[in-house]
Amino acid sequence: MQGREGHTATLFRKDPLKLDSGATLSPVNVGYETYGSLNADRSNAIIICHALTGDQYVASTHPITGKEGWWSRLVGPGKLYDTDKYFIICSNVLGSCLGTTGPWEENPATGKPWGIDFPVITIRDMVRVQAALLDHLGVETLLMAVGGSMGGMQILEWLCTFPERVHSAVILAAAARHTAQNIAFHEVGRQAVMADPNWHEGRYYDKAAKPDKGLAVARMTAHITYLSENALTEKFGRNLQSREAISFGFEADFQVESYLRHQGSTFVDRFDANSYLYITRAMDYLDIADRHGGRLSDAFKKAAHVRCCVISFSTDWLYPTSENKAVAHALNAAGVPVSFAEIDSPYGHDAFLLDVPQMDHMLTGFLSTAAKTRGLK
Ligand SMILES: CC(=O)SCCNC(=O)CCNC(=O)[C@H](O)C(C)(C)COP(=O)(O)OP(=O)(O)OC[C@H]1O[C@@H](n2cnc3c(N)ncnc32)[C@H](O)[C@@H]1OP(=O)(O)O
Ligand SMILES: N[C@@H](CCO)C(=O)O
């Protein structure tokens, strides 16, 4: 496999993909990027799985926002995930909207976008698509599977579903199930989308106006859950946008209001409302223990050879340390070698996207050991 920095490609999979729902999907397109080169014995591949609204542009410029990749701090030549040494793969998840099949794409049966006729998907379905991508790329076993948040949930599904294809795994700020509170926040977001008159029961793709207002409100609510109370206080406190601006109306007087509006309005430029419904639903359905008679450790029985690292962040109240610890305990009970750390960080859930030296330190050490145990320098 010839490597280029930020090589974008699309995999077209003709074989029908059997989904957890029982439905089949065909064809399936996958938008993905690779960085670096696969070595001769195909032992240096690392998959990075993105979070809910993330994308395959982990270390390259986003085609819509023009911003640099969401982990470009960590992925590149000489960086933590060194593309001079490793073959990095990152693909857009099933159901999303940047090249991988989702509700925005044409339903072959009707010739029109799927909309909400798109089948229900799960995190495990996303991982099945990634496994097909690995087949296409000629990667049998991953040196490492890494992901934060929903990315971490995908790593857990890798450990349950394709453990034989994984040598080591990193799960950051994740959980093996969605709690009632997680589902509740997502439901508020979905209701905001569906209450937007421009949603049109999901059939808005041929219309000039999209359900942007609803999607923006969904993002504003969700974004609060990605931060900590202290982070919001530190950033904005009760500061006003402008002292003179107190209007007694409903313009964004407080900085935090203006900030959330900005997060909402920039989000709708890069994301599809129906994709948001489907992916949040997939996360809500996640309950790995439930599929294994209520015992999470049973899910990882076949992963005893995989070296794992689980990291939580002290101020993450979305997927708190208790949920991450439950994952680490279950891995340990299944005989999986696992290290666990709670990193003290003020940033809340999104800490895994930010510059947190202790996280970098742990990831560096873990990767170096994993590479050595796989015979890589
Ligand atoms: C794998 C993945 O998850 S990929 C997807 C991840 N990306 C996202 O989630 C994107 C949105 N999320 C964020 O921005 C997250 O907070 C982070 C963690 C990614 C980045 O955090 P930070 O670097 O601390 O950025 P911060 O949260 O302060 O936001 C900065 C933005 O808010 C804007 N902003 C700050 N204050 C205000 C204000 N008072 N009024 C309006 N806008 C404001 C800034 O101008 C900046 O805008 P820009 O992003 O358009 O350049
Ligand atoms: N802020 C990230 C993480 C959410 O879990 C995202 O939007 O994908």
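Each Cβ is built from the backbone N, Cα and C atoms, and glycine gets one as well.
Any TrEMBL annotation is an automated prediction that lacks curation.
What you are looking at is a predicted structure, and each value in this text was computed from that prediction instead of being measured.
Taken from TrEMBL as is:
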type	residues	note
ACT_SITE	S149	active site, nucleophile
ACT_SITE	D316	active site
ACT_SITE	H349	active site
BINDING	R219, D350	substrate binding site
DOMAIN	44-353	domain 'AB hydrolase-1'
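Everything TrEMBL records as a feature, shown here on the structure.
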residue: S149; record: active site, nucleophile; Cβ neighbours (10 Å): 27
residue: R219; record: substrate binding site; Cβ neighbours (10 Å): 24
residue: D316; record: active site; Cβ neighbours (10 Å): 29
residue: H349; record: active site; Cβ neighbours (10 Å): 24
residue: D350; record: substrate binding site; Cβ neighbours (10 Å): 21
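With a cut-off of under 6 Å between the Cβ and any atom of ligand 2, the recorded positions R219, D316, D350 reduce to D350.
Selection of the recorded positions R219, D316, H349 by a Cβ distance under 6 Å from ligand 1 yields an empty set.
In this structure, the C-alpha atom of S149 (active site, nucleophile) lies 8 angstrom from that of H349 (active site). Between the CA atoms of R219 (substrate binding site) and H349 (active site) there is a gap of 15 Å, rounded to the nearest whole number. Per-residue pLDDT, averaged over the domain 'AB hydrolase-1' (44-353), rounds to 96. With respect to their backbone Cα atoms, D316 (active site) and H349 (active site) stand 4 Å from each other. Following the DSSP three-state reduction, the secondary structure of D316 (active site) is coil.
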